[in-house]
Amino acid sequence: MNSIFSIDDFSDPFWETPPIPLNPDSSKPVTADEVSQSQPEWTFEMFLEEISSSAVSSEPLGNNNNAIVGVSSAQSLPSVSGQNDFEDDSRFRDRDSGNLDCAAPMTTKTVIVDSDDYRRVLKNKLETECATVVSLRVGSVKPEDSTSSPETQLQPVQSSPLTQGELGVTSSLPAEVKKTGVSMKQVTSGSSREYSDDEDLDEENETTGSLKPEDVKKSRRMLSNRESARRSRRRKQEQTSDLETQVNDLKGEHSSLLKQLSNMNHKYDEAAVGNRILKADIETLRAKVKMAEETVKRVTGMNPMLLGRSSGHNNNNRMPITGNNRMDSSSIIPAYQPHSNLNHMSNQNIGIPTILPPRLGNNFAAPPSQTSSPLQRIRNGQNHHVTPSANPYGWNTEPQNDSAWPKKCVD
C-alpha cells in the first residue's frame with residue numbers, strides 16, 4: 001500500500017468535538033486541563049509540543065522554507081509500495097528531528113478557545129507528521145536508474161508559495177506534470193521517424209557530451225540506424241514515384257488503345273452497313289436483269305439465252321477454207337438464219353471465180369467487189385433482217401463489212 005495520506009482520508013469521526021465552555025463570553029484562556037480529551041489525543045499533543053520545542057531550540061526559524069522544499073521535492077518522487085509499517089515512525093523522527101514540524105506554527109501551553117480552531121490545528125499537525133514520515137521513507141529508498149538520454153533525468157522540483165496548500169503541505173502535482181511531460185517527450189521522440197540533420201547533430205552532441213563510452217556507442221548506433229532508415233525510406237519513395245510514372249504511362253497507352261478500338265469498331269459498323277447496301281443493290285440489279293430478259297422474250301418471241309448461243313455458233317462456223325488456186329462454191333456455207341427467206345435460194349447463182357488473173361499470180365487474193373459480191377449482198381440482206389433491235393445487249397452479232405473475213409489462207 002502507498003504511504004501517502006490525503007486530506008480526504010481524515011474525517012471528523014476520528015476525534016470527538018471538545019465540550020463548549022461554560023462562559024464563552026469571557027476572554028480568559030482555557031487550559032488543557034479544562035478540556036475533556038481522550039488519553040491518546042493528549043499524549044499525541046504532548047509529543048508534538050516536545051518535538052516543536054526541541055526543533056525551535058536547535059534550528060532557527062529561517063530554515064522553514066528549506067524544510068518545506070525538501071518535503072515537496074520528496075513528495076513529488078514516486079512512492080514505493082509495500083513499506084506501510086508505522087512502527088518505524090519513532091526511529092525516523094529520532095534520526096531527523098531537526099526537519100520536523102518546521103512549517104507548523106508555534107504552539108503554546110494554552111489551547112485556543114474555539115473548538116474548530118483547535119481541530120484545525122490538530123489536523124495540520126497530523127498532516128505535517130504524515131508528510132514528514134513519507135519524505136523520510138522515500139529518501140531511504142534508492143531511486144531508479146535513469147536512462148541514457150539526458151532528457152529523462154529529473155531535476156529537483158522547486159516549490160513555490162503558490163504550490164503549497166492551505167495547511168502548509170506542498171502538492172506533488174507539478175512534479176507529476178513534469179514527469180508526464182518528460183515521458184511524453186520520450187514517447188514522441190521514440191515514435192517519430194522523421195528527423196532532420198540539425199536535430200541529429202544536436203542530439204549527437206548532447207549525448208556524446210554527457211554519456212559514457214558505451215552510451216556513446218549506443219547513441220551512434222541509433223543515429224546510424226536512423227540514417228539507414230532514412231535512406232531506405234528515400235529509396236522506397238523513389239521506387240514509388242517510378243511506379244506511379246509507369247502507371248500513368250500505361251494509363252495513357254490504355255486510353256489511346258481504347259480510342260483506336262472505338263475507331264475500328266466504328267469503321268467496322270460502317271463497312272457492315274455498306275455491305276448490306278451493296279447486297280441490296282445486287283438484288284435490285286438481278287431483278288432488273290430478269291425484267292429485261294422477260295421484255296426481250298416478249299418482243300422477239302425467243303429466249304435471249306438461245307439467241308446468244310446461236311450467235312456464238314455462227315461465229316464458230318465462219319472458218320476459212322484453204323485451197324491452192326481455186327475455191328469451190330460449195331465450200332462456203334452461209335450462216336443459218338431461222339427468220340430469213342434467203343436460205344431457200346439456190347447455191348448455183350452464188351459463186352466465186354476459180355481462176356485469178358494471170359498477172360496477179362497465185363498468191364494474191366481477189367478483191368471483195370469481184371470475188372464475193374453476191375455473197376456480200378446475201379450477208380447484207382441477212383444483217384438487214386437480224387440486226388435491228390433483235391439483240392437485247394445493244395451490240396451487233398454480225399460484222400458490217402467483209403474486211404474481217406479472211407478470203408484465203410496463204411500456204
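The backbone N, Cα and C atoms fix where each Cβ goes, and this holds for glycine too.
For 24-36 (among others), the entry in Swiss-Prot reads compositional bias 'Polar residues'.
Summarising the annotation, Swiss-Prot assigns compositional bias 'Basic and acidic residues' to 89-98.
Residues annotated as compositional bias 'Polar residues' in Swiss-Prot: 146-173 (among others).
Sequence annotations record features per position, and here Swiss-Prot assigns compositional bias 'Polar residues' to 183-193 (among others).
Annotation comment: Swiss-Prot describes 196-206 as compositional bias 'Acidic residues'.
Feature annotation from Swiss-Prot assigns compositional bias 'Polar residues' to 368-390 (among others).
Per Swiss-Prot, domain 'bZIP' is recorded for 215-278, and the stated evidence type is sequence analysis.
Swiss-Prot lists Ser196 with the feature phosphoserine, giving similarity to another entry as the kind of evidence.
What Swiss-Prot lists as region 'Disordered' is 1-36 (among others).
For 76-99 (among others), the entry in Swiss-Prot reads region 'Disordered'.
What Swiss-Prot lists as region 'Disordered' is 140-251 (among others).
Helix, strand and coil residue tallies for the region 'Basic motif' (217-236), in that order: 20 helix, 0 strand, 0 coil [DSSP]. Look at Swiss-Prot and you will find 217-236 tagged as region 'Basic motif'.
According to Swiss-Prot, the feature region 'Leucine-zipper' maps to 243-257, an assignment based on sequence analysis. Per DSSP, the secondary structure of the region 'Leucine-zipper' (243-257) breaks down as 15 helix, 0 strand, 0 coil.
Residues annotated as region 'Disordered' in Swiss-Prot: 362-411 (among others).
What Swiss-Prot records for 219-226 is motif 'Nuclear localization signal', and it gives similarity to another entry as the kind of evidence. Per-residue pLDDT, averaged over the motif 'Nuclear localization signal' (219-226), rounds to 90.
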